[in-house]
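The structure appears right after this line, and notes come after that.
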């Protein structure tokens with residue numbers, strides 16, 4: 001340490017100069033009489049942590065100047081200067097270990113630096129020294145008492161890092177100093193498995209010589225060293241492990257062994273080595289795949305051929321019934337597929353879903369595989385369990401070239417699947433114009449319908465594809481064809497709002513009077529869906545605005561119910577009957593109020609609709625608005641003088657309905673015009689009784705504030721408290737009790753609120769009632785059974 005000033009000066013100069021370099025530097029410090037290979041720290045590391053080296057350097061240089069090394073009054077102090085950390089909790093000692101500054105580390109330790117200090121990854125100086133293979137540093141730290149088995153946040157030890165990086169000499173050192181070869185990290189990998197994962201043969205060999213029973217050690221994925229060797233194609237490692245007795249049949253958590261993974265990943269040399277040990281080549285993984293299937297699925301033809309030569313069963317199937325031939329076709333590997341054909345595979349083998357290799361090629365768009373299979377005589381008519389053949393799948397997926405190849409090999413252009421769909425229908429549904437043109441050129445029948453009665457033209461109009469519609473009509477498609485719902489092309493175009501299509505169909509003479517099975521024509525559908533532009537196209541062709549659907553709704557009623565005010569205005573301007581009613585005697589105005597469309601209702605009122613008109617249930621517009629809680633409609637109708645006292649056939653007026661259904665704002669608006677809060681329905685229930693029965697706390701509070709009779713009774717003699725208790729509405733019960741409701745009141749059956757709550761098992765209500773100051777008498781209820 002006599003020339004520590006020179007060392008630290010050189011060290012500091014190196015750190016600063018090397019901040020932009022990516023090289024390693026060899027420093028000759030004659031005064032320290034050693035040569036050190038120092039790795040260049042990353043620039044980001046230097047920017048954030050250089051101050052710690054500066055800090056330590058400055059202090060040590062000051063001590064040298066003042067001759068105060070080791071003094072009790074100055075210099076670097078143990079537990080203070082030596083333990084300062086950066087944002088990553090790294091101490092000067094950890095940085096010295098990272099950079100391999102052995103002399104600096106030794107000095108820091110002499111000043112009391114904590115050798116077991118940990119950074120934000122829970123790593124110690126020893127862990128870092130091992131990571132960088134700084135053997136001299138490791139020896140120093142171990143000599144100073146560092147814990148050789150210290151584990152970081154991933155539970156990795158210095159031995160694991162040394163093994164992972166193939167630093168065999170460091171591994172030897174650590175083991176000689178007591179490193180535990182059996183410790184495992186978070187993924188249950190030990191030093192041995194890390195060395196195997198990285199393919200370090202020498203390290204693995206040494207560890208095998210120093211560890212009992214580690215050769216079959218498994219990590220959390222169930223992988224052994226041999227499995228990793230197969231997976232990564234480490235042939236020399238596999239050879240070593242096999243020579244040391246590794247279990248060739250060991251499988252991981254997926255059921256894969258070393259041969260399967262070597263075959264899957266294309267490591268022929270490794271696969272050959274394993275096969276030379278005569279393993280069971282028919283072993284299946286968790287989904288039933290063999291090594292041959294793995295090789296075929298990944299297009300490793302040479303390995304597949306090797307496995308077949310070794311006797312692999314080419315017809316073995318996985319859990320879904322797929323064999324290696326299927327896997328090759330599914331993944332589009334032409335050469336591998338050809339290999340299986342050469343080996344005599346049955347071209348028509350099917351999986352559990354009825355797929356053949358040709359169907360797979362169509363489904364996946366593997367044109368060259370399809371071409372190969374067709375050249376070998378594959379059956380183009382074969383269908384899977386859904387009734388789709390290769391052509392149907394290729395069309396549905398939009399694989400133009402595959403479709404072309406299948407069509408040139410005489411695939412049935414009009415084949416139908418179990419849903420009745422043809423290739424042409426599939427192409428039209430997806431808008432695949434080029435495929436549709438190919439099909440039509442091959443004579444596709446434009447009139448074939450699927451199981452819903454939809455043909456190609458109907459699908460085209462539903463989707464609004466003008467080019468396809470024109471092409472189909474030019475091929476003779478029937479303009480007036482209907483599906484099973486009775487809908488024509490014009491109806492679909494109108495329903496969906498395809499203006500250009502509607503205009504075109506009308507120009508071709510499409511029948512505007514056609515009605516579907518629900519009685520809707522094109523105009524009614526356009527009105528129900530708010531298709532303004534379509535309606536403008538239809539109206540000049542429409543002679544009857546009063547056409548009704550099966551519910552007897554007209555276009556005006558339909559538009560009003562949906563709140564299409566501009567359409568209502570348009571229909572009225574064209575002479576639509578404002579008094580028309582549906583089968584429940586509701587007109588356009590009642591529908592507008594029922595659905596809460598205030599603007600539409602206002603227009604209809606100004607156009608002559610009756611404010612007090614009733615439907616078949618005796619409901620007026622105001623009653624509907626109260627029942628549904630449409631506050632804006634209520635305000636409108638009240639401003640127009642609507643009668644608040646009128647009741648429907650159930651005996652409810654607007655106020656009663658609002659209370660029953662819990663519409664607070666609606667009720668408050670109604671109360672501004674109707675102060676009769678004791679109005680009753682057919683069951684003699686007031687608004688308060690109905691609100692309490694249904695648990696509408698806000699409305700109960702509003703009504704009580706307005707002076708509602710808290711002891712009102714319905715025809716069964718039940719009070720608001722009894723009804724609330726019976727139905728378990730604890731919050732309402734609590735409010736009523738606070739407002740002085742008679743807790744001992746009984747109904748016509750002499751049953752009070754407590755008994756009703758008990759009968760319903762409403763314990764929270766029972767507790768509320770029992771907590772009152774009233775005294776209850778015990779009542780015995782007898783039940784008689786026949």
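Cβ atoms here come from the backbone N, Cα and C positions, even for glycine.
The feature signal peptide is assigned by TrEMBL to 1-21.
Taking H, G and I as helix, E and B as strand and the rest as coil, DSSP gives the repeat 'ANK' (88-120) the counts 17 helix, 0 strand, 16 coil. According to TrEMBL, the feature repeat 'ANK' maps to 88-120 (among others).
Broken down with DSSP, the repeat 'ANK' (154-186) shows 16 helix, 0 strand, 17 coil. What TrEMBL lists as repeat 'ANK' is 154-186 (among others).
The repeat 'ANK' feature in TrEMBL is assigned to 221-253 (among others). The DSSP breakdown of the repeat 'ANK' (221-253) into helical (H, G, I), extended (E, B) and coil residues amounts to 17 helix, 0 strand, 16 coil.
Break the repeat 'ANK' (254-286) down by DSSP state and the numbers are 16 helix, 0 strand, 17 coil. Residues annotated as repeat 'ANK' in TrEMBL: 254-286 (among others).
Beyond the repeat 'ANK' (320-352), the same-chain residues lying 6 or more positions past its ends with a Cβ under 8 Å from any Cβ of the stretch are 287-290, 292-293, 295-301, 304-305, 308, 314, 358, 360-361, 364, 366, 368-369, 372-373, 376-379, 382, 384. Feature annotation from TrEMBL assigns repeat 'ANK' to 320-352 (among others).
On the 0 to 100 pLDDT scale, the model's mean across the repeat 'ANK' (386-418) is 97. According to TrEMBL, the feature repeat 'ANK' maps to 386-418 (among others).
Helix, strand and coil counts from DSSP across the repeat 'ANK' (419-451) read 17 helix, 0 strand, 16 coil. Residues or ranges marked as repeat 'ANK' by TrEMBL: 419-451 (among others).
Sequence-distant neighbours of the repeat 'ANK' (452-484) (same chain, 6+ residues past either end, Cβ-Cβ under 8 Å): 420, 422, 424-425, 428-429, 431, 433, 436-437, 440, 446, 490, 492-493, 496, 498, 500-501, 504-505, 508-511, 514, 516. Feature annotation from TrEMBL assigns repeat 'ANK' to 452-484 (among others).
The feature repeat 'ANK' is assigned by TrEMBL to 485-517 (among others). Tertiary neighbourhood of the repeat 'ANK' (485-517): same-chain residues 452-453, 457-458, 460-462, 464, 466, 469-470, 473, 479, 523, 525-526, 529, 531, 533-534, 537-538, 541-542, 547, 549, selected by CB-CB distance under 8 Å and a gap of 6+ residues from either end.
The repeat 'ANK' feature in TrEMBL is assigned to 551-583 (among others). Remote same-chain residues near the repeat 'ANK' (551-583) are listed as 519, 523-524, 526-530, 532, 535-536, 539, 545, 589, 591-592, 594-597, 599-600, 603-604, 607-609, 615 (criterion: CB distance under 8 Å, separation of at least six residues from the stretch ends).
The feature repeat 'ANK' is assigned by TrEMBL to 650-682 (among others). Tertiary proximity for the repeat 'ANK' (650-682) is limited to same-chain residues at least six positions away from its ends with a CB under 8 Å from its CB atoms, namely 617-618, 622-623, 625-631, 634-635, 638, 644, 688, 690-691, 694, 696, 698-699, 702-703, 706-709, 712.
The feature repeat 'ANK' is assigned by TrEMBL to 683-715 (among others).
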If one takes Cβ-Cβ under 8 Å and requires six or more residues beyond its ends, the residues near the repeat 'ANK' (154-186) are 126-127, 129-131, 133, 135, 138-139, 142, 148, 192, 194-195, 197-198, 200, 202-203, 206-207, 210-211, 214, 219-220
The answer for the repeat 'ANK' (419-451), taking Cβ pairs under 8 Å and residues 6+ beyond its ends, is 387, 391-392, 395-396, 398, 400, 403-404, 407, 413, 457, 459-460, 463, 465, 467-468, 471-472, 475-478, 481, 483
